[in-house]
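Now, the feature entries from Swiss-Prot:
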| type | residues | note |
| --- | --- | --- |
| REGION | 1-25 | region 'Disordered' |
| REGION | 54-81 | region 'Disordered' |
| COMPBIAS | 55-74 | compositional bias 'Low complexity' |
| ZN_FING | 149-226 | zinc finger |
| BINDING | Cys152, Cys157, Cys174, His177 | Zn(2+) 1 binding site |
| BINDING | Cys193, Cys196, His200, Cys212 | Zn(2+) 2 binding site |
| MOTIF | 209-225 | motif 'Bipartite nuclear localization signal' |
| REGION | 377-434 | region 'Disordered' |
| COMPBIAS | 393-419 | compositional bias 'Polar residues' |
| COMPBIAS | 420-431 | compositional bias 'Low complexity' |
Amino acid sequence: MEAARVGAQSRHLYGGGLGEPDMDRRDKRLFGWDLNDWRWDSDRFVATPVPAAEASGLALNSSPSSSEEAGAASVRNVNARGDSDKRKRVVVIDDDDVEDDELVENGGGSLSLRIGGDAVAHGAGVGGGADEEDRNGKKIRVQGGSPSGPACQVEGCTADLTGVRDYHRRHKVCEMHAKATTAVVGNTVQRFCQQCSRFHPLQEFDEGKRSCRRRLAGHNRRRRKTRPEVAVGGSAFTEDKISSYLLLGLLGVCANLNADNAEHLRGQELISGLLRNLGAVAKSLDPKELCKLLEACQSMQDGSNAGTSETANALVNTAVAEAAGPSNSKMPFVNGDQCGLASSSVVPVQSKSPTVATPDPPACKFKDFDLNDTYGGMEGFEDGYEGSPTPAFKTTDSPNCPSWMHQDSTQSPPQTSGNSDSTSAQSLSSSNGDAQCRTDKIVFKLFEKVPSDLPPVLRSQILGWLSSSPTDIESYIRPGCIILTVYLRLVESAWKELSDNMSSYLDKLLNSSTGNFWASGLVFVMVRHQIAFMHNGQLMLDRPLANSAHHYCKILCVRPIAAPFSTKVNFRVEGLNLVSDSSRLICSFEGSCIFQEDTDNIVDDVEHDDIEYLNFCCPLPSSRGRGFVEVEDGGFSNGFFPFIIAEQDICSEVCELESIFESSSHEQADDDNARNQALEFLNELGWLLHRANIISKQDKVPLASFNIWRFRNLGIFAMEREWCAVTKLLLDFLFTGLVDIGSQSPEEVVLSENLLHAAVRMKSAQMVRFLLGYKPNESLKRTAETFLFRPDAQGPSKFTPLHIAAATDDAEDVLDALTNDPGLVGINTWRNARDGAGFTPEDYARQRGNDAYLNMVEKKINKHLGKGHVVLGVPSSIHPVITDGVKPGEVSLEIGMTVPPPAPSCNACSRQALMYPNSTARTFLYRPAMLTVMGIAVICVCVGLLLHTCPKVYAAPTFRWELLERGPM
């Protein structure tokens with residue numbers, strides 16, 4: 001359970017701090033739950049408690065922070081009743097809004113609940129002065145600092161960072177050296193960068209600048225980008241605009257209702273002030289309905305704060321004045337520092353009407369707000385603007401205002417798959433009879449809920465309110481209220497309809513639910529770039545988020561995109577705007593969250609102007625499947641990136657797609673067709689692996705059949721890239737019954753695709769060798785007794801792969817592979833296989849003049865089908881007596897010749913051969929060479945006789961005909 005603080009007095013809600021072993025239901029909801037106490041079925045959407053004996057040996061599903069101020073640590077509860085297996089979580093939170101000397105007062109600390117993150121306890125309590133041991137064997141201290149605590153990394157600095165702000169502890173720098181112009185780190189004079197949050201050499205800074213040159217260049221470039229020029233639409237727009245942002249400010253306060261903190265009492269008073277003035281500003285919203293949001297605050301201590309009420313009234317009055325002002329007035333935006341919110345931002349919402357671009361106000365650092373976090377943990381302002389007053393509202397053109405609001409509000413958010421921004425690419429599953437589908441996710445944040453509250457028919461309820469049934473679905477949950485992430489594969493039109501008509505679909509969900517699960521408490525829903533907020537069954541907000549602005553988080557690539565199972569892999573995430581105070585990286589696999597960490601702790605050096613890099617190490621499970629990497633930016637980023645876990649050879653081939661993502665991310669190519677197809681392939685292969693895992697577990701989960709067209713497109717994608725291992729995996733899945741093939745057999749489906757013909761046309765000798773040697777595993781169902789692929793397999797027009805290879809230029813390797821098949825079918829049918837026109841592969845080779853093909857095949861025929869053979873007779877018994885002659889029992893050696901069958905001949909030629917038995921002498925004269933020699937000799941003799949003179953030969957004695965001797969040559 002979590003540790004919490006009530007006022008200035010702190011008490012731990014475990015061990016002796018409670019006094020009672022059983023907590024009431026509200027306390028359990030209030031202080032969170034442990035992910036290791038529950039086993040989540042990602043397909044059935046059912047959470048089952050883990051037995052205590054089993055849970056005590058489990059490691060945390062979410063990896064702890066790599067920094068010394070790790071955000072979570074599980075501790076065991078050792079109380080008088082001996083319940084030592086009950087796990088608690090104690091984490092440290094710093095409140096930047098209070099001075100350091102107020103952190104520990106009267107023996108008590110500042111304890112709070114972090115919704116959606118790891119709860120934190122800082123201060124004294126029961127056992128607070130002792131070290132506790134978590135399941136990973138690491139030690140944490142609940143109260144106070146220790147001599148071995150985090151220290152400043154500057155040489156010679158002895159500042160203890162235990163009691164300072166979380167920002168300084170995370171980056172291991174004291175407040176003095178964070179603002180100093182020079183500091184010695186690693187025997188080098190450096191300076192702390194305010195944007196990179198790390199030390200750089202002095203030459204990387206411009207004079208008088210607190211941030212390095214590289215970060216400033218990227219920041220200035222983003223500021224110079226053109227922003228949409230829009231205009232104010234009138235009083236109705238003014239009211240709607242103010243209502244939206246005030247309501248979002250209210251939402252930010254509600255995200256932190258569960259924390260019993262004196263700081264949040266001001267937030268309660270602020271809610272009351274906002275509600276009192278909201279009706280006067282926005283007539284379309286009834287304050288009585290909004291007052292229902294205060295029901296969650298009833299457990300907080302009653303109190304009044306006149307200053308806070310004045311602040312709330314000032315906020316509303318300023319909003320009215322600015323919204324009703326001239327066209328160049330500022331966009332009203334509630335500042336979290338004055339609101340006392342969990343963090344200092346409010347969700348930016350795309351307005352219905354355009355707004356006006358205005359000059360930039362004095363820049364103040366903006367703190368993103370997270371529904372999962374009570375505090376972002378960063379400083380309130382940049383050091384360069386410490387003297388600047390905190391404005392109650394910020395303009396949309398401010399560089400520090402969330403630039404989601406810079407998007408032209410007249411443009412609807414693009415519908416994407418995963419992280420792709422292009423909608424022009426055709427899906428792998430969009431051809432040949434299957435509707436165009438996309439894989440995307442829906443996020444439900446269920447406040448004040450625990451896994452035991454989830455209804456057993458949760459899956460049916462979610463599927464019931466969708467316009468069409470998804471072909472594939474999986475999910476996972478994680479703490480911080482209950483964050484339920486559902487990945488679906490839906491038709492593109494269904495995604496668009498769900499996103500555009502969120503209100504009507506949520507009403508349908510509320511009306512179709514039999515219980516009060518959806519109709520009670522706070523519910524946040526996000527579909528693509530559309531957000532909705534419900535409270536006690538009433539829809540309070542339904543707005544789109546502007547997603548194409550410069551600060552919107554987006555993952556461009558994850559490397560490796562495929563990794564072997566049962567290994568520990570170092571992942572590298574590339575993207576835009578990945579690092580912020582409230583952003584967190586999450587890695588999930590098959591319904592489990594296997595890694596989560598704040599992005600500040602895993603950020604790497606920036607090698608590109610706009611691209612940021614995150615590195616993390618994660619142990620992978622021992623099964624094949626598909627995982628997701630997400631970066632949650634304040635709870636309002638919907639981007640994700642898939643990765644594959646499989647065998648090493650499969651991963652090596654799939655990782656070739658990394659070049660596509662890398663080129664598209666660095667070059668920012670306009671045509672994202674290749675990138676979208678690669679993403680779609682990863683998702684489709686992931687769904688197939690997920691289906692295989694379900695069948696291997698023999699779970700009776702209702703599954704829609706995997707369409708044959710989807711399977712065919714996966715095979716085409718792998719064949720085009722000559723991926724033998726992936727092709728083998730797909731063929732194995734086909735023979736295990738994962739694909740809906742109707743009444744056909746797997747052999748018929750495979751052979752009808754003519755894969756060997758396609759490999760020959762691609763001149764892929766590697767793929768040809770694999771296909772010729774592929775044979776389904778005999779342990780599988782419906783296996784073939786012989787090899788599936790044969791060189792003489794007939795395709796269209798009775799063409800065989802041998803015909804195609806013989807007629808193709810520069811295909812010697814392919815023909816060599818075809819004639820080296822395991823059954824020697826290729827060389828046997830080289831002269832016998834005939835196409836529809838009656839020609840053999842040898843005929844095609846002769847016609848094309850491919851003499852090299854003829855010679856190569858002829859040598860193989862002579863080698864493997866030669867005429868000579870040796871027969872060795874081995875007697876059944878050996879006789880010791882040797883006599884002359886050959887006896888039946890003796891060993892005999894016979895060298896014989898195979899007699900080929902007589903070639904067919906015509907009757908006329910046979911009669912002519914009988915009439916002229918000396919055919920050898922007769923046919924010898926007709927040889928071309930002999931005719932030439934005889935012709936020359938006849939000419940020489942005739943010339944000599946005609947001249948009647950003796951020819952003169954100067955190199956030898958005089959030649960005379962009468963001296964010429966006769967005889968055989």
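Even glycines carry a Cβ here, placed using N, Cα and C.
Quick caveat, the model's predicted, so the values are computed rather than measured.
Assigned with DSSP, the residues of the zinc finger (149-226) fall into helix, strand and coil as follows: 26 helix, 15 strand, 37 coil. Between the CA atoms of Cys152 (Zn(2+) 1 binding site) and Cys196 (Zn(2+) 2 binding site) there is a gap of 17 Å. When the alpha carbons of Cys212 (Zn(2+) 2 binding site) and His177 (Zn(2+) 1 binding site) are compared, the span between them is 16 angstrom. The Cβ neighbour count for His177 (Zn(2+) 1 binding site), using a 10 Å radius over every protein chain in view, is 21. On the backbone, the CA of Cys193 (Zn(2+) 2 binding site) and the CA of His177 (Zn(2+) 1 binding site) stand 11 Å apart.
Taken together, the residues of the zinc finger (149-226) have an average pLDDT of 82. Within 8 Å of the Cβ centroid of the Zn(2+) 2 site, not counting the listed residues Cys193, Cys196, His200, Cys212, the chain contributes Arg191, Phe192, Gln194, Gln195, Arg198, Phe199, Glu204, Phe205, Ser211, Arg214, Arg215. Put simply, His200 (Zn(2+) 2 binding site) is 18 Å from Cys157 (Zn(2+) 1 binding site) when counted between their Cα atoms. For His200 (Zn(2+) 2 binding site) paired with His177 (Zn(2+) 1 binding site), the C-alpha to C-alpha distance reads 13 Å. Close to the recorded Zn(2+) 1 site, the chain also has Ala151, Gln153, Val154, Ala159, Val173, Glu175, Met176, Ala178, Ala183: residues not among Cys152, Cys157, Cys174, His177 whose Cβ is within 8 Å of the site's Cβ mean position.
Cys196 (Zn(2+) 2 binding site): 18 other CB atoms within 10 A of its CB, across all protein chains. Least crowded of the binding-site residues (Cys157, Cys174, His200, Cys212), judged by neighbouring Cβ atoms within 10 Å of its own Cβ: Cys157. Taking CA atoms as the reference points, His177 (Zn(2+) 1 binding site) and Cys196 (Zn(2+) 2 binding site) are 15 Å apart. Of the recorded residues, Cys174 (Zn(2+) 1 binding site) and Cys196 (Zn(2+) 2 binding site) place their C-alpha atoms 16 Å from one another.
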